[in-house]
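As recorded in TrEMBL:
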COILED    308-335  coiled coil
COMPBIAS  247-256  compositional bias 'Acidic residues'
REGION    229-260  region 'Disordered'
REPEAT    61-102  repeat 'WD'
REPEAT    103-144  repeat 'WD'
REPEAT    145-186  repeat 'WD'
REPEAT    187-228  repeat 'WD'
REPEAT    407-447  repeat 'WD'
REPEAT    488-522  repeat 'WD'
REPEAT    583-624  repeat 'WD'
REPEAT    625-666  repeat 'WD'
REPEAT    667-699  repeat 'WD'
Amino acid sequence: MGLTRQYLRYEPAALFGLVASARAGVAFVALRGERGRYVAVPACEHVFVWDTRKGEKVLILKGLKQEVSSLCPSPDGLHLAVGYEDGAVRVFNLLSGESTITFNGHRAAVTALQYDHLGGRLVSGSKDTEVIVWDVINESGLYRLRGHKDVITEVLFLKEKNLLVTCAKDTLVKWWDLDTQHCFKTLVGHRAEVWGMALLSKEKRLITGSADSELRVWDLTYIQEVKDPDEPESKKSKGPSSPGAEENTEEDETLELDEHPEERIIKCSKVGSIMRGGRDRVVTLGTDRMGKFLACHGADAVLEVFSVLSEEEIQKKLEKKMKKARKKAKQNSEEETESSVELSLQEEIQRVTNVKTSSKIKSFDLIVSPKGELKMVLLLQNNVIELYNLDLSAQVPQAVRVSRITIGGHRSDVRTLAFSSDNIAILSAAAESVKIWNRSTLQCIRTMECEYALCSLFIPGDRQVIIGTKTGKLQLYDLASGSLIETLDAHDGAVWSIALSPDQHGFVTGGADKCVKFWEFELVKDESSVQKRLSMKHVRILQLDEDVLCVRYSPNQKLLAVSLLDCTVKVFYVDTLKFFLSLYGHKLPVLCMDICYDGTLIATGSADRNVKIWGLDFGDCHRSLFAHDDSVMYLQFVPKSHLFFTAGKDSKIKQWDADKFEHIQTLEGHHQEVWCLALSPNGDYVVSASHDKSLRLWERTREPLILEEEREMVRVASF
């Protein structure tokens, strides 16, 4: 048996750059005896608990591989139930941060979670259309409720009765009797998906949100309350489900699906609608724990807050109205009957205010503080958590933003990454800012505003960085002061690629204006100070026939490889800019490439999902590898080796051997497209950025990786 080549395994080291994922909801949690200060948010496969006052992460509830899809804190505030993409539900202890219970029962993502008012039972709804009730104390499943035909969107326990109400995208709201575990009533009054619902007024009212701007309100009457004890038995047995007993309100009336309607039936009658400001569907609809406030939002940046009057307040309002009516009747000398005075739905559920946020809202949570203020936490689409306070004692209540958690991440997807020469600093740049991170602490140490960044590099010495932008500019930043020193109009189109020259005296850029431009660093006199400052000088230009997507120098600085929009890679001599080789074979444009440390090989990654390895002496293709299930977005060689990493739109990062043409390992962790990666100069670290808003750090371990064992594990996992 021949010698097997030994590889070292890369392991996930950290997840950073993420404030919150917009996949699941946000929830206030009770921590250290305080309510209204700490919030739990999904963060890919983990759950982060943030201190909104200090803007610090205080707890990480570590998940496995699957993304978090739903959250629900327990009534006592000590536990948090977390639903995952694969259908698992885990219950975490917030004091220890450990997962104490795991429930596996769903076949698809968990979309809704709710505890009962005592915290002993948990109900989960899923994409597989099933609802499961779990016993948290005995750590077991109680029963599975089937009946919905589409994704479950909300599940609610009733406090007083042993009932459950669920709604789904199949337009139905179903009532379940948990004693007999069957559905006894279905509300069919919605013409589109029911996206959310809430119980109000001590569970005597149900409000539902659908695909239009109406919030439908239903009155709930428990039949036991309606029955007259003196009524003869024969009449009783008919109940409201007999055809003549109740008038059929409208097409929204309910279907009774119970064999014994007299046992326990709720009568639901539609009382009207509350009109929202938004025209699109309801995304989230919810109340605070006491049911005093109701809020909802659509796919926009406005949260609409309503106040729900209690029975005492309704009574007071009615008395006032009656007084007015009597006064009016006296003046007009009419006999006004008191029975005709009643409150409209709009008076019982009053609009308080609209909260306008800085970006689209994904979810929210409400809590009334002991001071009587309404606290609202909002999870926004752009990786931000905002906390608002609403002073209810004011004449015109206005929501005031009290905190905003943003520092730990970018507002948009990171498009470029770079490592400093000492392996310590990481640069990440997106559409609105450049951030510098400390690799060991993962803290953001600098944030600088920029234009839409596409490529970047650290200038030798690591004191300045250059960013290439979508508008064709080169922006030079000083890291010590965090300021923009200089902006140059480099290209007429986007600057797609930038590469430092091996002699470190300059760099080269390639743009959408079909040009490759050569630049040198120079020291120029600064008007504001005595000292000279660094600048960039344009020295040469290479005009081409197609847009330039990527440029790379060979390590000896003799050759320059240029990837073009015509799917070829052209190689030129650096000194004379004469044509040397054309590498053609890809079916779609080459988006990324790299040349190994000794200049013998060039690897190219394309939108056709293939990676090709070429010899740089004759331009012959050594091997074509089917690398990813979608476009290959980034490719980089490990320093001092013929191993390289590729990042793909299929959310995977893979390591390859360019000599043996072997796939070594796959780094799985990102949940969406991986846009870029960067390797540290010593090859010990890989950092990657994805559409899921997260940055991930991978570390080279001392553990050897044997390919046969790795493949065996993949085979076992696929069965």
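Along the chain as shown, the residues are counted starting at 1.
Placement of Cβ uses the backbone N, Cα and C atoms for every residue, glycine included.
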Considering only Cβ pairs within less than 8 angstroms, which of the stretches 61-102, 145-186, 187-228, 583-624 has the most against the repeat 'WD' (667-699)?
61-102
Just to confirm my parser: what is the rounded mean pLDDT across the repeat 'WD' (407-447)?
95
Six or more residues beyond either end and a Cβ under 8 Å away: which residues meet both conditions relative to the repeat 'WD' (103-144)?
69-76, 79, 81, 83-91, 150-157, 159, 164, 166, 168, 170, 176, 178, 181
Which sequence positions outside the repeat 'WD' (407-447), separated from its termini by at least 6 residues, show Cβ-Cβ distances below 8 Å to it?
14, 16-19, 55, 57, 359, 382-384, 453-458, 460, 462, 465, 467, 477, 479, 482, 675-682, 684-685, 687-691, 693, 695, 697
Per DSSP, how many helix, strand and coil residues does the repeat 'WD' (145-186) have?
0 helix, 23 strand, 19 coil
By DSSP, how many residues in the repeat 'WD' (625-666) are helix, how many strand, and how many coil?
0 helix, 25 strand, 17 coil
